[in-house]
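Engineer: This is the structure, below, for whatever I ask next.
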């Protein structure tokens, strides 16, 4: 009997995860059977999520992003970090057995609730689609992108590029830029405008750009503006990552044709390609040997970076709650009302990542307070384990909404769905207040460009001229 390639690939992935967990636990300094058992429970839940995901008929980029976060940030990175660091975590906090086991169980609860909610909604939607007759569309979206509108968009993109260039110049002069509401509005909304323009042009024109010189020049100009407004000199890497990954997936749809191919692309890109890329950016190429590609430490060391502090910060939040108590929604209110300045709301909370950083600076050896705060930590610090369940259910609804956007195929719905599906990785890593600030500006930009270039046209049912309308049948008089 011939084995299918998909079965072999899924088995290889599951075996790789279990091997990484087992090997890292064997060489770690904490010999705890309970820690190993809780880690295996979390790993098994992630593998179950993978197997359910690859069985879906239609690819889900948002669900793939959630699965990527679970695999790398909750399973692989913590296992590698526990094997490397002695009795402390990547964020300098002390690693305790009870704290580590509680963190794994909390992550398992989150993943289990999300998976159960998502696939319950899928079953319900399938049942409704069988019993409910689909309604014919009342409106159809039309593209209103003519020459005058195009030049208006180019002008907006040019202004955004000029403003970003001024920011780059200020950063080059080592001047501190105060993050005022006006600055955030300009930087996160106006300077983000070229991004939905570019994704919209790629979505509408596609390969026809090579046969239409005018639109090709327009697209190249907007791309140049995106490179100026969205680059590592003025933005964080995890903020510009969704932009260029979205562009890559729209230009190369082959990677997203099946659920397995889509999530495998994201995992390999993050777990294999980025470590290989670090060879050319952080290594002396004159002393580099090609055989180093086969060295497992090249890939494991990638997960020792502070960018993979999600699991450690969840553990720290558990310690914070044990010491100081719950916030009872205070952090959530601050995230939802991120735009309210501290001058109007004096007791407005800081971002949860900053709260974690200040806690670590006070009790441990961390020397800065700009850390992440995963969604699990945001839920736990406000509402304990009940918040973890509620946030997982809310995440399932958000993923369902993003799936609908990606499958709608609209002028702006598809680009927005792809972008926010990848942005979900940034939101899951946190902090929620920072993600809300970035995401709100991006959402406003997508809505603005969508309103400007698209319109709705009502669909009318027309009668054929050759068919007479039906009327009452004449009754012949009796003779």
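Each residue, glycine too, has its Cβ placed from N, Cα and C.
Curation does not apply to TrEMBL; its annotations are automatic.
Under the heading transmembrane segment, TrEMBL lists 36-54, 61-80, 100-121, 142-163, 183-202, 214-233, 239-255, 262-281, 379-399, 411-428, 434-453.
Mind mapping these onto the model and telling me what they sit next to?
Structural biologist: Residues 17, 20-21, 24-25, 39, 42-43, 46, 49-50, 53, 107, 111, 114, 118, 249, 256, 259, 262-263, 266-267, 270-271, 300, 303-304, 308, 310-312, 374, 395, 398-399, 402-403, 406, 417-418, 420-422, 424-425, 428-429 of the same chain, all 6+ positions outside the transmembrane segment (61-80), place their C-beta atoms under 8 angstroms from a C-beta of that stretch.
Long-range contacts of the transmembrane segment (100-121) within its own chain (CB-CB distance under 8 A, at least 6 residues past either end) are made by residues 30, 32, 34-35, 38-39, 41-42, 45-46, 48-49, 52, 63, 66, 70, 74, 82, 311, 314-315, 318, 375-376, 379-380, 385, 388-389, 391-393, 395-397, 399-400.
Nonlocal intrachain contacts for the transmembrane segment (142-163), taken as residues 6+ away from its ends with a CB within less than 8 angstroms of a stretch CB, comprise 186-187, 190-194, 197, 204, 218, 221-222, 224-225, 228-229, 411, 449, 452-457.
For the transmembrane segment (379-399), same-chain residues at least 6 beyond its ends with a Cβ under 8 Å from one of its own Cβ atoms are 60, 62-63, 66, 106, 109-111, 113-114, 117-118, 121, 314, 317-318, 320-321, 326-332, 352, 355, 424, 428.
Same-chain residues lying 6+ beyond the ends of the transmembrane segment (411-428) with a Cβ under 8 Å from its Cβ atoms: 61-62, 64-66, 68-69, 73, 141, 143, 195-196, 199-200, 202-204, 238-239, 241-243, 245-246, 249-250, 374-375, 395, 398-399, 402-405, 435, 438-439, 442-443, 446, 449-450, 453-454.
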Engineer: Counting Cβ pairs closer than 8 Å, which of 36-54, 214-233, 239-255, 434-453 has the most of them with the transmembrane segment (183-202)?
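Structural biologist: The stretch I would name here is 434-453.
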Engineer: Given a Cβ distance threshold of under 8 angstroms, which distant residues of the chain, six or more beyond its ends, lie next to the transmembrane segment (36-54)?
Structural biologist: 6, 10, 13-14, 17-18, 21-22, 25, 60, 63-64, 67, 70-71, 74-75, 78-79, 100-101, 104-105, 107-108, 111-112, 115, 119, 258-260, 263
Engineer: Taking residues 6+ outside the transmembrane segment (214-233), which of them lie with a CB under 8 Å of any CB in it?
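Structural biologist: Residues 150, 153-154, 157-158, 160-161, 163-165, 168, 171, 191-192, 194-195, 197-198, 201-202, 205, 208, 239-240, 243 contact the transmembrane segment (214-233) from elsewhere in the chain.
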